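Just below is one structure, and these are the notes that go with it.
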Amino acid sequence: MRIALGAKGLPALHLTRGGRPRGFNASPALRRPFYHRLPHLSLSRFPGRPVVRAQKARCDPRLPPRRKDAIKSSDGTLRDTAPPGLAKQAAGSVLGATALITGSTVGAGMLALPAATAGGGFFPSAGIMTVTWGFLILEALLIAEVNLTIMKKQQARGETPRVVTLRQMAAETLGPTGGKVTSYVYLFLSYTLLVAYIAKGSELVNLLSMDAIPASAGGPLFAFIMGAFLFREDTESVDVVNRALTLGLLAVFGVLVAGGASIADWGSLLHHQDWGQAWGALPVVFLSLVFHDLIPVLCNYLGGDKGRVRTAVVAGGVVPLAMFLVWNAVALSLVPGAVDVANAGGIIDPLRVLIESLGPSAGLAIEVFSLLAIATSFIGTMLGFSDYLRSEIKGWEKQKLFDGLVPKPEEGGEGEGGILGDEASKLAAISLALVPPTLAAATSPDLFYLATQVAGGYGITLLYGILPPLMAWSVRPVGTVNQRFAPLMPMVPGGRKVLASITSCAAAIEVGKLAADSSGLASGLATVGSKVGTVTNLVIGDLAAFESSAHLGHW
């Protein structure tokens with residue numbers, strides 16, 4: 001490297017390394033301001049030529065200051081942790097995010113796994129669960145990749161979003177139509193899940209209060225307490241409480257597993273292995289392992305740090321998988337002849353076996369476990385859904401202001417350009433999220449059972465199976481681009497061939513579910529048709545007898 005003095009005594013930079021120019025005279029791929037790559041320089045004149053000497057001196061005030069929130073990320077590169085303002089808001093930790101994923105995933109659906117997996121046996125079902133888990137982790141990372149890329153683009157435009165919702169992601173990558181379709185499916189899915197949680201919460205409140213609180217009041221009480229908590233507390237408080245609930249969930253789970261293992265017949269797990277029937281549990285396994293509605297919240301919660309988001313997604317997914325595998329093994333070994341019971345159309349209820357074998361204490365532990373599972377799942381779903389509704393409310397307010405339908409807020413007033421402030425918009429979002437499912441659960445929750453099954457079989461596969469690779473396909477650049485302005489490095493390697501493969505797998509699951517449901521519908525219609533035919537024959541026979549008797553004068 002050499003420095004020659006140019007006009008007016010200013011140094012002209014002619015930096016070479018191996019014959020290749022560096023600095024301002026470099027090629028576009030190598031060009032970067034000299035002072036961004038070297039420490040502060042001072043020139044000392046010695047006999048011969050100038051010498052460059054690095055000093056621990058204060059940088060030239062003419063140079064652009066380094067941002068205070070620029071840190072070295074987990075992949076070793078210097079990067080901004082988040083858009084301006086987001087880093088200040090984000091107060092989350094990887095441990096808190098992991099607990100949030102674990103608590104949201106481990107819910108009442110885990111109790112239905114034994115009945116769904118008994119037909120295939122433990123080991124085939126365990127293989128299906130592990131493969132499904134890996135597939136869903138890839139889908140979660142794709143959602144995070146798209147979310148962080150859009151956050152980076154919004155940062156470049158000077159915007160400071162709170163949470164990039166799933167609808168915003170779809171609209172940004174797939175256009176307005178994709179955003180609308182995503183909104184409708186997400187609304188339906190979230191509301192049906194909340195109906196299930198509130199209905200189950202109502203039952204548990206009634207049981208734990210020993211019928212002091214009727215079931216009709218248990219659901220509204222459960223929804224009010226949880227909604228008030230989410231409204232009044234900040235991110236850190238919700239994080240702490242959710243961690244405590246998750247730890248309690250894990251502790252009670254350990255007690256149940258230990259109690260079940262003491263009376264389990266482990267040899268029965270080897271008696272039946274049927275890979276053909278094991279695939280029938282795929283929709284239930286898929287529904288049980290999904291936590292993807294939390295990804296937009298987690299990206300904001302962790303300050304947009306790609307490495308921390310990746311760690312939280314993988315770690316948060318491993319814990320539920322391990323719990324499901326252990327619970328499934330204990331449950332299938334608890335029920336005598338579980339496979340025969342499943343094939344005969346019976347209900348596999350390992351909890352009943354535990355209560356009968358271990359006494360009332362097991363029943364209390366099961367009720368506490370179920371309540372903790374519902375509470376943590378409720379928190380996870382509500383965080384994502386309320387943030388989505390809050391973002392929609394803000395967009396609706398800004399559109400009304402733009403159209404002149406409402407007066408503009410006074411300068412310095414509360415809010416972000418809308419007619420509602422932060423507290424009011426948060427209250428409105430939580431109310432919109434809770435009031436409809438609470439009313440539905442209090443009036444006729446059975447009507448929503450079929451809707452929940454359809455949402456689990458179709459809505460989740462569409463939202464978190466097919467949609468993520470399509471969005472990632474849109475945001476990933478084609479060809480060589482300037483890395484300074486390129487999106488984040490892919491969180492799922494392999495390029496577009498991998499995205500196409502993931503999309504094909506999700507579409508195959510959707511088509512398989514549709515074929516199975518169509519077959520069941522056809523069988524049901526055939527059964528109904530045969531019964532209608534039998535009734536018709538009886539009616540025709542009665543009419544014939546009536547007509548014959550009339551002709552004979554017996555009428």
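Numbering starts at 1 and runs along the chain as displayed.
Any Cβ shown, glycine's included, is placed from N, Cα and C.
Just so you know, TrEMBL annotations are computer predictions that nobody has curated.
Over in TrEMBL, the protein carries these features:
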type	residues	note
COMPBIAS	57-72	compositional bias 'Basic and acidic residues'
REGION	55-85	region 'Disordered'
TRANSMEM	94-116	transmembrane segment
TRANSMEM	122-144	transmembrane segment
TRANSMEM	184-200	transmembrane segment
TRANSMEM	212-232	transmembrane segment
TRANSMEM	244-264	transmembrane segment
TRANSMEM	276-299	transmembrane segment
TRANSMEM	311-330	transmembrane segment
TRANSMEM	362-385	transmembrane segment
Open item on the list: Which sequence-distant residues neighbour the transmembrane segment (122-144)? Criterion: at least 6 residues beyond either end, Cβ under 8 Å.
Closed with: 166, 169, 269, 273-275, 277-279, 281-282, 285-286, 289-292, 295-296, 298-299, 306, 309-310, 313-314, 317, 321, 324-325, 328-329, 332-333, 464-465, 468-469, 471-472, 491-492, 499, 502, 505-506
Open item on the list: Considering only Cβ pairs within less than 8 angstroms, which of the stretches 184-200, 212-232, 244-264, 362-385 has the most against the transmembrane segment (276-299)?
Closed with: 362-385
Task: Same-chain residues near the transmembrane segment (212-232), Cβ under 8 Å, at least 6 residues beyond its ends - done: 198-199, 201-206, 238, 241, 375, 378-379, 382-383, 386, 426-427, 430-431, 433-434, 437-438, 441-442
